[in-house]
Structures are given as structure tokens and as C-alpha cells.
Amino acid sequence: MIRFSWVRLCSSAMAAAAASPDVQAITRAQAMQLDDLSPRKIASILDSYIVGQAEGKRAVAISLRNRWRRRQIEDEGLRRDILPKNILLVGPTGVGKTEISRRMAKLTEAPFVKVEATKYTEVGFKGKDVESIIEDLYSNAKTKAKRRLEIEREKEAHELALEIVFNGWHSCRSASGSFGSSTRNSGSGDSSAEEDKNSSSRDNVTFEEFKEKYKTQFKDDMVVIDVTQQPKGNTKPNASINSVEMLSVGILLGLGSESRGVKTRVTKRVEEALPLATQEALSRLVDETQISALARTLAEQDGVVFIDEIDKVVTEPASANADVSSTGVQQDLLPLIEGSNVTLKDGSQISTDNILFICSGAFHTVKTSDMIAELQGRLPVRVEMHALKEEDIRRILCEPKFNLLLQQKALMKTENIDLEFTPDAVDELARVTTKVNANAQNIGARRLHTVVERVMDEYSFNCQDYEGKKVVIDAEVVRKATGSLMNNIDLAKYIL
């Protein structure tokens, strides 16, 4: 498959600040991740973690691949006009809506945030502003950008850290040597001569020799190094100030920016000092400008925003209980989803044109057609997620790469307990989960956690009684552990 020009991906980062070779290398690697990921392959990877919901996987796989296709287009004007097709996932809770989106973002290490629509209010009402969604996305992108830049400069930072530790080690040796010479004058001639010989041999150690032996011969030697310590306490602007303008003015005046760290001299052993020196070296090699430039590129070009419970801010048009604030949230989401420039607290701007928005909701009491028409038009891809059946629950227990039963086996292994689930136990777990969901509130696959924990309660608490033994969980054990749940009429009192 043809590799695309990675320069287009990092163009926005270079527009914000001169992109360093590190930023360019990372954006190139980020862009090339999608080269060999066809929609079919993306769906296949998602199959390893999520059972069923083929239509949902298909939709996000196409959206992810469309990002790659857009970057192949040479005509810049045409490429600018091709926008992501935002997605609306409709289905009950616990069927995999969030997990599909999260795994899709994780597949390409894209910045990802999950928010609930009910947490936001219309501008002018008490509550969070929808533009804070982009602030959260940018914060997530900065974390990823910082980590990637540090990985890119890891070898260089390690070399610099060794130099810092070596200089501290050498200074410490020199100081102890000058102190020792004055005290040894009154001591035994033979012993002082031997000490002088050892001291002299260490004083003559070169940096290359130190690099070879710092893990063995010199690891317990003491060194003195300077490290940067961040001041304790809240260094952010007053939380009650929500105005972007006030924050920007504060930053310009030096009131709202993050406080710089204070240099502190510490004495450590060589093996303890090296991690501190490495972090110190990384802080020199990776500056805030590089992090911000890369974070902006990642957020704008690869960001994914998952808005859950979108149906909770939708009311029937003729309803007497229509909430004007909830309708206003839909209105406020329009420019965000359509594409606009959002001003962040630090005064910089993030374009939402190419951010992928995935909205989801159960839509039990309202219909998707009850959303305001403009919002419907900005969510052109709609996917119906089906409720989980007993067979789906059974597959969820066994098929995902890191399924619940595998997790329980690994946890018990740490207690030297060999745990085994028989096939009829898996069937019984699926049956109980399905029945409880049918008789109580249906929370989908999340119910499995409650049922499995009820079964494992005895072995988790009394683990010392089963140490060194093999524990076999069959259908009878499951029935005994969950019998009180199944025999109760009002299951809601006992289940989440």
C-alpha cells in the first residue's frame, strides 16, 4: 500500500510553532500507523476485544480509514473541504458503544475523551460549558504528546543523565578526597597509602569507564545533583474564574501560568540518582513549545470525542416538560461538531473541523428524530446497536482477549490458586446475567461484573484456605452463589 506524505499531517503543528525534528518524526510515525489498517483489518482487531455489534465496528472502521484517505489527497483545497462523518450510536447501555470508540482511538493512540451530555448546560446557565470538552481533549493530547516526545529523546536523555550523575559523582569524590587528605595525615601510614591508592584510581575514572560500570562498581557511590522540584499546592488560576479572557490576561501578566520549578540539591546513590537525572534531562530536551505544537496537531487531526447520553438532552417537541437548557446544549454543540475554532484557557485556539464526534444514547423515551434538525444533520452516520442475548453474554465471558474469566484466573494465580471455570459454569453465568437483566434494569454486559464477583466472593475473601489448591467452579457453584438473586422478586435491591 502506498505511503502518504507525512508532511501534510504535521503542517498545522509547524504553523503553530517551528516543528522540531522530534515533532516531525512523531507525526510521521503517527500518520504511518494507518497505512496498513484497512477497514476490514480494523474491524478484525476490534473483534478481539468486543463481541458482536458488527455494524458499529464497521462504522468506526470506515471513519478511521477515511482519515487516512483524506490525507492522500494532493489538492489542499479539496482536502480541506472533506470533513469527518460524525457518528450516532443508538442502543441500550452496556452493549459496547463506548468500548468500540475507546478501542478505535487506542488503536492509533489518538487523543480520546468521553463526556456525558447531561454534565453540560447552555451558556448562561450554571454548569459546564460545552467548549470545555475541547479543553479536556487538548489536555489529553498534551499528555500523549509529552510522552511521545520523551520516548523520542529517551536515548539522548539517558546519555545526558549519565553526564549529570558522573559530574555529581566526580564532584563528590573530589570533595571527599580533599576532606580525607587532611584527616589521613594523622593516621597510619600503610592504611592511608592504601586509601590514597583506591581514591586515586577512582579519581582517574573517565566518563566512558563510568558508563560501563555505573550499574555494578559505582552503583552504591554517593552523588550530589541538582533537580527541579515543582512547587506544591494549586498553581492553576482561581477555579471560580471561568472566563477565557480573564485567564488569558492573567497568563499575559504572569499570574495564571504554571509556576516554574525550584532547583534543589540532593544527595543520592548512583542508581537512585539516575532516574532523577533522566527526568531532569528530559525537561531540558523537551520544552513546552514542542509539546503544545504536537498536542495541537494530535487534537485537531486525530482527536476523538465520545458524547454519551445525548438522548438525555433531547425532549419531545410537544412535551410539557421540555427543558430549555437541555435544548440549548444541543444548540451549543452545533458549532463544535460542525467545525469551529475554540479558544483555550491559555489563549491558543483549536480547530474542531477534523475532530471525530461520536454521540450515543439509548433513546428509550425519545426518538432520534426529536433532536433538533441541525444536530441530526451533523450526525449523518447512524448505527443501531442490538441488545445482548444470552449467547452474546456467553461469548463475552470467553472470547475477548482479556475476558473476565481470564482476569479472575490471573488474580487468583497471585494467591497460588489454580482457578478453572467449567463450560456449564460459563453457561450458568450467562443464564443468570441474562435473567437478572430481564427482570431488573438492563445494564447489558456490565451486569457480568456483579454476577462474577458474587461467585468469586468466597474465594477472594478466604484465599488463604485455598492456597496451593485447584478450585473448579461449575454450574452448581454458580447457582449456589447467585441463588439469593434469582429467588428474589425485587432484584433491584440486590443488584446494581
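The backbone N, Cα and C atoms fix where each Cβ goes, glycine too.
Going by Swiss-Prot, these are the annotated features:
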BINDING   Val51, Gly94, Val95, Gly96, Lys97, Thr98, Glu99, Asp308, Glu374, Arg446  ATP binding site
COMPBIAS  177-191  compositional bias 'Low complexity'
REGION    177-204  region 'Disordered'
TRANSIT   1-10  transit peptide
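On the structure: features taken from Swiss-Prot.
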residue	record	DSSP (3 states)
Val51	ATP binding site	coil
Val95	ATP binding site	coil
Glu374	ATP binding site	helix
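Highest local Cβ density among the binding-site residues Glu99, Glu374 belongs to Glu99, counted as other Cβ atoms within 10 Å over all protein chains shown.
Spatially close to Val51 (ATP binding site) yet at least six residues away along the chain are Gly96, Asp392, Arg395, Ile396, Glu399, Pro400, judged by Cβ distances under 8 angstroms. The record assigns Val51, Gly94, Val95, Gly96, Lys97, Thr98, Glu99, Asp308, Glu374, Arg446 to the ATP binding site, and the maximum Cα to Cα distance across that set is 33 Å. The number of other CB atoms found within 10 A of the CB of Lys97 (ATP binding site), across every protein chain shown, is 26. The Cβ neighbour count for Val95 (ATP binding site), using a 10 Å radius and every protein chain shown, is 27.
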